[in-house]
Structures are given as structure tokens and as C-alpha cells.
Amino acid sequence: MTSDPVLSIRAASKTFGSRRALDAVSLDVNRGEMIALIGPSGSGKSTLLRSIDGLQTIDEGEGAITAFGGPVQARGKVSDQVRKARVRIGFIAQQFNLVGRLSLFSNVALGSLGRIPVVQGLLGWWPKETRDATMAALHRVGVSEYAAQRANTLSGGQQQRGAIARALVQKAKIILADEPVASLDPVSARKVMEILRDLNQSDGLTVVVTLHQVDYALRYCDRVVALKAGQKVYDGPASELKREKLIDIYGPEFEDVFWEGAPQ
């Protein structure tokens, strides 16, 4: 990993009505890291992730977000240069974000739209390079046999793997995954997390993933950032996140819901 962060968040705040979703959050993400964002519901995890991609504007003020050294947003306004960052950032949502009536192949091939004319892509006139990259990505995530099927006929796990494949066709250098396993059964969830971990370790992709499942955060991610009421309350190695801190983050009920063998 290099010392220069690929993502930099400085004093980012976001208010919805009277609720402070983010409260002066600062964070650097280095190239090749796999980071879990954890915290109770409403702690600001998804708001932070969407703000990093410029999908959510932060409040006016001193807050600023950069990606690859270029501006994403600052002082309550998304930069007019944000597209330069977005073409290298793959965003994976909880609800899969696939077009149900299109085949899985077409959904994944749409990742190339930043490099080919939009009309060509919308008509499905994919150049050979895109076709080859799409099949390679589908094979990489283990769903190539479903390439011709409509996305809405696939299971949630298959669709989520398709969303990851689309990020590969996009040639993303960073994957932002917002609760990617929240809607999946345990087997599918583990498979998705294993794929993200493999892309991080084998391909050097930077991954930032929001998770409700603390055990997945500790198992698959080297670094954990915890938010509580919009504030960053932990940022460090997963191996050092102990029971006492987790109870502080989630409350006393954490003892009752956490899996057997939790950190001491």
C-alpha cells in the first residue's frame, strides 16, 4: 500500500432535518485496503458511503471529499469533476441495482458505458472487448452459466455477484459496497464477502463495505471503522476491536445478539 490515500474525507457532516447523520467525520483510505464500516442502524454508514461517491451532498462548511487526489465534493457542492472519480469507483447497493428485464450479461456489460458511446450500449451493440471482459467477469464471480437469463429470474446472491462483475467490467479501482449482504442468506452472504476479499487480495482493489454483521467485518476486513450517531468512534485493526468497545458501540444488547466466540 502507498502512503497517499485514494480516498480522503475531511470533516464531513450531513444533516437531514434536525438529525445529524454525519458529524465532522474524517477518514483516509489507502490503496489496497479492505475496510468495514460498522455501527448501529442510523449511525451514518450508508450516508458516508454515498457521500464518497458524490451520490449524497454533505453540508456546507469545511467538509471535503477527494478520490484519487481529485475533488468529489466540498462545501456542500458536488464537484463538476466528480465523473473522473466515478469511472474508477464501482458502487454496489443492497438492492442489487440490476435492470430486471435485461439479461445478466447485458447488466454486467453496462459497466463499460464509460468507455463506449451510450447509444451503442443501450442498443446492446457490445464490442468484442466488452463481450470478452463481461464473460471473464461473470466467470470470475461464478455466475457465467446465468449470462443469458433475465436478472429478475436470479437469486439475490446471483444478482449481487452480477453487480460485482459489472464493477470489474467498469475497471473500477475502488469498490464501495453498501450493505451488500443484508438481503442474502448466510451461504450467499459468505460467498459475496469471499469474492470481495479475493478481489482485494488478488487484484489489489480497494474495498469499503458497510456491514451490519460484525462477525463478517472481523473475518474479512483488516481495518474497521465504526460510526455511532454520526461520529467516528473507532478506526483501527479488526483484530483489536474487542468486546468492550463493541458493547460501547452497539449497547448492552450486543451481548445477546453477537455470535458465539465473540472477541473478549
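Cβ atoms here come from the backbone N, Cα and C positions, even for glycine.
Quick look at what Swiss-Prot annotates:
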type	residues	note
BINDING	Gly39, Pro40, Ser41, Gly42, Ser43, Gly44, Lys45, Ser46	ATP binding site
DOMAIN	7-254	domain 'ABC transporter'
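This view paints the features noted in Swiss-Prot onto the structure.
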residue: Gly39; record: ATP binding site; Cβ neighbours (10 Å): 25
residue: Pro40; record: ATP binding site; Cβ neighbours (10 Å): 16
residue: Ser41; record: ATP binding site; Cβ neighbours (10 Å): 7
residue: Gly42; record: ATP binding site; Cβ neighbours (10 Å): 14
residue: Ser43; record: ATP binding site; Cβ neighbours (10 Å): 24
residue: Gly44; record: ATP binding site; Cβ neighbours (10 Å): 27
residue: Lys45; record: ATP binding site; Cβ neighbours (10 Å): 26
residue: Ser46; record: ATP binding site; Cβ neighbours (10 Å): 19
